[in-house]
Amino acid sequence: MPHTLWMVWVLGVIISLSKEESSNQASLSCDHNGICKGSSGSLNSIPSGLTEAVKSLDLSNNRITYISNSDLQRYVNLQALVLTSNGINTIEEDSFSSLGRLEHLDLSYNYLSNLSSSWFKPLSSLKFLNLLGNPYKTLGETSLFSHLTKLRILRVGNMDTFTKIQRKDFAGLTFLEELEIDASDLQSYEPKSLKSIQNVSHLILHMKQHILLLEIFVDLTSSVECLELRDTDLDTFHFSELSTGETNSLIKKFTFRNVKITDESLFQVMKLLSQISGLLELEFDDCTLNGVGDFRGSDNDRVIDPGKVETVTIRRLHIPQFYSFNDLSTLYPLTERVKRITVENSKVFLVPCLLSRHLKSLEYLDLSENLMVEEYLKNSACEDAWPSLQTLILRQNHLASLGKTGETLLTLKNLTNLDISKNTFHYMPETCQWPEKMKYLNLSSTRIHSVTGCIPKTLEILDISNNNLNLFSLNLPQLKELYISRNKLMTLPDASLLPMLLVLKISRNTITTFSKEQLDSFHTLKTLEAGGNNFICSCEFLSFTQEQQALAKVLVDWPANYLCDSPSHVRGQRVQDVRLSVSECHRAALVSGMCCALFLLILLMGVLCHRFHGLWYMKMMWAWLQAKRKPRKAPNRDICYDAFVSYSERDAYWVENLMVQELENFNPPFKLCLHKRDFIPGKWIIDNIIDSIEKSHKTVFVLSENFVKSEWCKYELDFSHFRLFDENNDAAILVLLEPIEKKAIPQRFCKLRKIMNTKTYLEWPMDEARQEGFWVNLRAAIKS
């Protein structure tokens, strides 16, 4: 029994491990390049079923806690390994021994409390290493990175437990492109710990307090090019003289990000910055200034000149005492050498005129996302303000009048580039005044509905994208670049108005087509971006775009952004891929051919109708149908006559003097219908013929040469012919008054010809002895 339980337990463990491994494999996706992604897949361990071809493995945000020596042994070609945010607390000494080609290793935000140099010794190709967010106190007992000669980006430290930096920590590192140290809770710094790194392009230092800042700063002045201080409270910072022994500093840019500072501490910071002889750029991002702008220090000293600083950038500066802020007059002496200033999203509504006049070297000014209006801008751009200014950016402020804005800036004699996008202008006046050297104007996203002569003729670059324009007809002889995307234009601008145009970006309008002739009219055009329009994929447009191979060099967004909007069956397809049928592309020729074929068919039908009397058939059919549709006086047809006699007027003597006498005077008498005697006066002849035939028991045709030539006799034959078809009877009696060939009867009277071919007809004998027999036979035929 115990043996059985043991076997069941072993099998359960094996099955559980098998299921776990199967689940691990299902959470991974690998492409043909050997890049495997298993992020957020609830993995508990590193999958073992992958091949040696794997080059990149992303296992971030899983539940891996342990890495053994064998987990990564087979991945000898691995170049990138991401294990961030797992919960790893243990890595065996030789876990990375087979990863000699690894270049990117991310172990950030796990639970590694102790770091081992043996992990990194085999990683001779490593260029990127991230150890941020692990709860270690120091960077190990021995130097971790001394063997990583190719390392270029290093990130170490954490917010809570990393308290000590030692001299050995960075031994062996000579050059880094980026070094990030999260020393938020740093309590101990061994002098010259960072001095061993000879060159760092960009150093990011997280420090909550400034206590050790000066000591670290001393070691960085000769090795760091760009120094960034993050998340630091400098409210109580006080500068003390440094004994660096350095006359030259490599620091060219100093960035303060998410830093708290006061008027007094800013004065102390300026003292610190004055020690950096090569400082050129100063940046404040997301900082808080707890002051009113009085930077003279507690002893009312003059603000220290920061030296050679040429660029100052301030973004999202928060000033709690904004409405008590001073006029910045204490900063005036420091501004004369500054060439570039950016103050973005910091609630600036005015630059004092005196400050503007002191900015004598200023060439670039960016006041985006602030509160500037025309009235205060006029004060800022007062006479002699910003004398060297070439570029002014007032994007997303509160400007409302284009005419006033241009007039306000007339004092800026050297202004060439102006960005006033994302203001709300709506209306553009017919004329405006602008600085005479204007070359670039950005009016994008200003809600204008039309463009007028307000646009300066001197422009070389114009951006009016994302507005409500449906027409562009300005003559700008010097314009080289036009950005007019996201409007409502239906066609390309007139090339004759833009003779120097090199770049045209007109995507996402309502353009349906453009032609080779239109593009050729832009003689200097090098770049065209016209994707995202509602193209009608006509045969001409497709032929032009698909056959012009040189077009791909001009259309920078070809072919991905050129999609058909119509015809409907190709909507959404790329213009490059659409092929239309011959019938769609040669519709005019096809219609012409069909018309010709129809004409020939009609002509052929006409010839056939004429040859076989088709017109006559149609006329008779119509007349007969009309006659049959007439309302009858009685529901049943009344037979009034024994026979209707159809004869030629030239045979009237024989009919009236012989036939009538023999039949109507016979006992019992026959009642004959003769057109001379019995037709109703005033009634249509054709109606009389039809009614007489219908009211007669028989129809007697007195055939002769005269009968065949008579037009009215033909009508009587016609309607008798239709009666034969309609009633399917033998109501016709043929009397040959004189010999006549059957061929003399027209072909169209096929039924009568058939009767003559199949039944005996009566022939008037010239011999008087036989005439009595003729009358007997005729009476018998009428009675039948």
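Positions of Cβ are set from backbone N, Cα and C atoms, glycine also.
Long-range Cβ contacts of the repeat 'LRR 3' (102-125) within its own chain (Cβ-Cβ under 8 Å, at least 6 residues beyond either end) map to 60, 65, 78-89, 91, 93-96, 131-137, 139-140, 142-150, 155. What Swiss-Prot lists as repeat 'LRR 3' is 102-125.
In the predicted model, residues of the repeat 'LRR 6' (176-199) average a pLDDT of 93. Residues or ranges marked as repeat 'LRR 6' in Swiss-Prot: 176-199.
Per Swiss-Prot, repeat 'LRR 8' is recorded for 224-250.
Within the same chain, residues 359, 362-374, 377-378, 381-383, 420-425, 427-429, 432-437, 442-443, 448, 454 sit at least 6 positions outside the repeat 'LRR 14' (389-414) and bring their C-beta atoms closer than 8 Å to a C-beta of that stretch. The feature repeat 'LRR 14' is assigned by Swiss-Prot to 389-414.
Each residue of the repeat 'LRR 16' (438-457) gets a DSSP state, and the totals for helix, strand and coil are 0 helix, 3 strand, 17 coil. Here Swiss-Prot flags 438-457 as repeat 'LRR 16'.
Among residues of the same chain six or more beyond the repeat 'LRR 18' (479-500), those with a C-beta under 8 A of the stretch's C-beta atoms are 444, 459-473, 506-512, 514, 518, 521-524, 529-530, 532. If you look up Swiss-Prot, you'll see 479-500 marked as repeat 'LRR 18'.
Annotation source Swiss-Prot lists signal peptide at 1-18, citing sequence analysis.
Marked as topological domain 'Extracellular' by Swiss-Prot on the basis of sequence analysis: 19-587.
Residues in the repeat 'LRR 6' (176-199) partition by DSSP class (helix H, G, I; strand E, B; coil) as 0 helix, 11 strand, 13 coil. Break the repeat 'LRR 18' (479-500) down by DSSP state and the numbers are 3 helix, 3 strand, 16 coil.
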